[in-house]
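**Q** First, the structure itself, so that you have it in front of you.
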């Protein structure tokens, strides 16, 4: 791999290498998060302001020293280890947190420690899709949530804390890494390649989709959703799915995606604003690789395009002040397109029509529309 950069208009990025670096970055970030927690001084500040339009409560958006250090570390690794990657295409939740001398030093140490331990086997690399071997740098965006589940972290609920790095290509979630803090289990996946799971000291194994034999909604569903940020539209969506629906409430988008990916839940339902693209990109890439589906609450795919100027198109209910907001909510499922679009979303559409009339639900998706 050359250490020189190509001209911007023709620059390409070695995609398998990029994904491997993201794994190293996410795993190292988890170590930093644990270190901050163990020392007991979280350095908590509150980023949130304003009132949640859906609940009328003040917005809650905490940030800790772990968030700041973990993102600086991830940025340092990506910038130093991926030639031709434009730093402006790395979108982090803690966007104001830049690299530090400490983060650069930690990055060097993590890269050295990872040498000799390739992420992907030769058999996986030999089957890598040709169109994802080397991709135009201009087609990429990286979505980084260094510490997903900060509120849970501050409460000591470490089972809901993850590190998320998603990669989109031409606006579509294409690769993702999720590292679970409590045991450092890592899930990494690439569309067209597969999803793989590894734990510290363990071998990497391919992950298949959960074995779900339930054929219809009458069998009962396990659906995960927010623990702390519910709203009438969320409650109504669950009610519309029927009395046998079992609700699993957790903090952290990454935790809920893991529940769906590993078969604990059939779906993740959050039909209201709140999550951002860095919350959903990694999980979506992994889930779609396993045959699952992700959309917003009005049934449209989530687009992962960069917003750099006022003329750039905003999607999925985002606005200029919050260009990466999943403003029309998030719906993710593992049981295939029929379940997602014909069972799950109609229940969501009905709730949206009643409790979120500001969502632009198309006429053919309204509850009284012909099937």
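Yeah, the Cβs are placed from backbone N, Cα and C, and that goes for glycine too.
Caution: TrEMBL annotation is automatic and unverified by curators.
The annotation Mg(2+) 2 binding site is assigned in TrEMBL to 93. Per TrEMBL, Mg(2+) 1 binding site is recorded for 145, 147, 148, 279.
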**Q** For residue 145 (Mg(2+) 1 binding site), write down the residues of its own chain that are at least 6 apart in sequence and whose Cβ falls under 8 Å from its Cβ; none is a fine answer.
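**A** For residue 145 (Mg(2+) 1 binding site), the qualifying residues are 92, 93, 162, 163, 164, 165, 253, 254, 276, 278, 279, 282.
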**Q** Have a look around residue 279 (Mg(2+) 1 binding site) and count the other CB atoms within 10 A of its CB, chains all included.
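**A** Looking across every protein chain shown, the total is 26.
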**Q** Please report the number of other Cβ atoms within 10 Å of the Cβ of residue 93 (Mg(2+) 2 binding site).
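**A** There are 23 of them.
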**Q** If you draw a 10 Å sphere on the Cβ of residue 148 (Mg(2+) 1 binding site), how many other Cβ atoms land inside?
**A** 29
